[in-house]
Amino acid sequence: MSTRDPGNDRPEDDGITVPRSSEGMDPVKQPDEVEDLWHTLIHWNDLPHWLQDNHFIHGSYRRASYSYTRSLQSILHWHNESVNIWTHLVPATLSLPFAAFLYIVLKPRYEKASVADVIAMSCFFGGAAACLGLSAFYHTLSNHSPRVARLWNQLDYAGISVLIAGSFIPSVYYGFWCHPWKQWTYWTMICTLGIACTTTSVLPRFRTPAWRPYRALMFVGMGISAVFPVLDGLWTFGLGDMENQIGLSWLVLQGALYILGAGLYAVSLQPH
């Protein structure tokens, strides 16, 4: 996830001069020596304004590509987005095959498992794959152009909401197995919060620097909302049953990591 808020398209401000035809409409083919520069790395000061995110990172920036092919090819090069790309791309690629592997291994042990059981667990793995995949694509395509970077930045934030909601669904499903009305109440709550978080991350009026701390707080609030079904479950079933039904200790760890991530994001917005 990035704090960058890409601005309007300015294809001429990319560190490489792109000649244009006399009509001023279509770019003229660049000389070979300029074409060969696209994969070279540049300093923060040489970036177009929409790529200037964190001035504490001085170098190893990709040039603005204005090409999906070039941005995708940069996955195989080393630059200051490489760690972000690969730490999201690898688990995103493995999450669904791993889910299929677990299904094959566990199916004989739980012969009475219903389709609803499979769907509940699929929400978690699907949410993880969506979040990690969208983030990997954002970090890969963030140097394409302001318009493309802005789109994938919005999808990156939306993916976080999908991950939190996806991890929430199976916990509520198994925690309130015999209380369908409570299941739907908490599912409605988390989906509403997810829509609110996504809205503040996508709509232009909320994508200003002044709203950044509030966006972080909304994601923290979405994570903390898990407290309500947990307290309800503890009151209704007790600690032992909640540990057996939903793995409460693991759920608490998951929530703590979500809050830690949002906290680190909020801290990164503060002036140094």
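In case you wondered, yes, glycine gets a Cβ from its N, Cα and C as well.
What TrEMBL lists as region 'Disordered' is 1-29.
Annotated compositional bias 'Basic and acidic residues' per TrEMBL: 1-10, in sequence order.
If you look at the transmembrane segment (85-106), the same-chain residues 6 or more away from its ends with a CB under 8 A from one of its CBs are 75, 118, 121-122, 125-126, 128-129, 132-133, 135-136, 139-140. Per TrEMBL, transmembrane segment is recorded for 85-106 (among others).
The feature transmembrane segment is assigned by TrEMBL to 118-138 (among others).
Every protein chain shown contributes to the tally, and the Cβ of H139 (Zn(2+) binding site) ends up with 26 other Cβ atoms within 10 Å. Marked as Zn(2+) binding site by TrEMBL: H139.
The transmembrane segment feature in TrEMBL is assigned to 158-177 (among others).
Residues or ranges marked as transmembrane segment by TrEMBL: 184-204 (among others).
The transmembrane segment annotation in TrEMBL covers 216-235 (among others). Only residues 6 or more beyond the boundaries of the transmembrane segment (216-235), in the same chain, are considered here, and those with a CB under 8 A from a CB of the stretch are 160-161, 164, 168, 171-172, 175-176, 182, 186, 189-190, 193-194, 196-197, 200, 241-242, 245-246, 248, 251-252, 255, 258-259, 262-263, 265-266, 269.
Per TrEMBL, the feature transmembrane segment maps to 247-267 (among others).
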Distal contacts, the transmembrane segment (118-138) - CB-CB under 8 A, six or more residues away: 1-2, 84-85, 88-89, 91-92, 95-96, 98-99, 103, 149, 152-153, 155-156, 158-160, 162-167, 169-170, 173-174
